[in-house]
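Now, the feature entries from TrEMBL:
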SIGNAL    1-18  signal peptide
DOMAIN    2-211  domain 'GH16'
ACT_SITE  Glu99  active site, nucleophile
ACT_SITE  Glu103  active site, proton donor
CARBOHYD  Asn107  N-linked glycosylation site
Amino acid sequence: MATLKKLSLSILICLTLACNASSSISFDELFQSSWASDHLIHEGDLLKLKLDNFSGAGFASKRKYMYGKTTAQIKLVEGDSAGTVTAFYMSSDGPSHHEFDFEFLGNTTGEPYLVQTNIYIDGIGNREQRMDLWFDPTADFHSYSILYHPRQVVFAVDETPIRVYRERNGVAFPRDQAMGVYSSIWNADDWATQGGRVKTDWSHAPFVTTYREVEIEGCECATSEDLKRCNGSGNWWDQPVMAELSVHQSHQLIWVRANHLVYDYCADQGRFPVLPPECERRRV
């Protein structure tokens, strides 16, 4: 059976599908600093990533997963965050990697954050969508999740789907690469805010992103045998309800796209005179 893992900063609950076992594990046993460990700060039940004019910071899971769901409760940089990017994503390794990105693009004080999602398949991205949010993501914690299913990839904010990438004939779909879970903050003022026109104001540093909880529910995958097991039948993601959005979720996605979508690569004919195949006949 696949193993479901739920991680907070202080406790990991390990469950089989029968829900008959549990154990505790620290954040540091499942995650590690991926760069600038001195800019990764534990404060009680919170984890903070700091960006200053010396460095940003990031963390990464020590294990890889094949299919599953990861969720982070994040409070983004307060005040003037122009030029900064906070990322939460899943990725495999190598030049032909798969990757599913949340990128939170900072802005000047009073202007909304933009949330950019992107999908890489076999090392090729250029599938950006950008949205504003219907709340202030710096005022409190909100949950951001990525569901990786054999038939769809779903990005959600507070369990509201904001983007779906589906398996379909003739469309590339990510398969057969175990993926780690990552998050980071860095300076990207060459592109992040208004196309790079607004630069980072270092007088407001340090810029701090705060995490209250990180969850991983997935199939650990380190070997070819693990890959077979994770792709086998009987896993929790094989349930029919996981293979597509519910009617309510579909209505939520329609509402989000109608009211908060500000950029969609599928509508950018300047970049794509010939639409990518996944853009044609797309359903929400």
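For all residues, glycine too, the Cβ spot is worked out from N, Cα and C.
All annotation found in TrEMBL is predicted automatically rather than curated by experts.
With a cut-off of 8 Å between CB atoms and residues at least 6 apart in sequence, the same chain places Val85, Thr86, Ala87, Tyr89, Val115, Gln116, Thr117, Asn118 near the residue listed as 'active site, proton donor', listed in sequence order. Glu99 (active site, nucleophile) is 25 Å away from the residue listed as 'N-linked glycosylation site' when you measure Cα to Cα. The number of other Cβ atoms within 10 Å of the Cβ belonging to Glu99 (active site, nucleophile), over all protein chains shown, comes to 18. Neighbour count (other Cβ atoms within 10 Å of the Cβ, all protein chains): 21 for Asn107 (N-linked glycosylation site). Confidence over the domain 'GH16' (2-211), given as mean pLDDT on the 0 to 100 scale, stands at 87.
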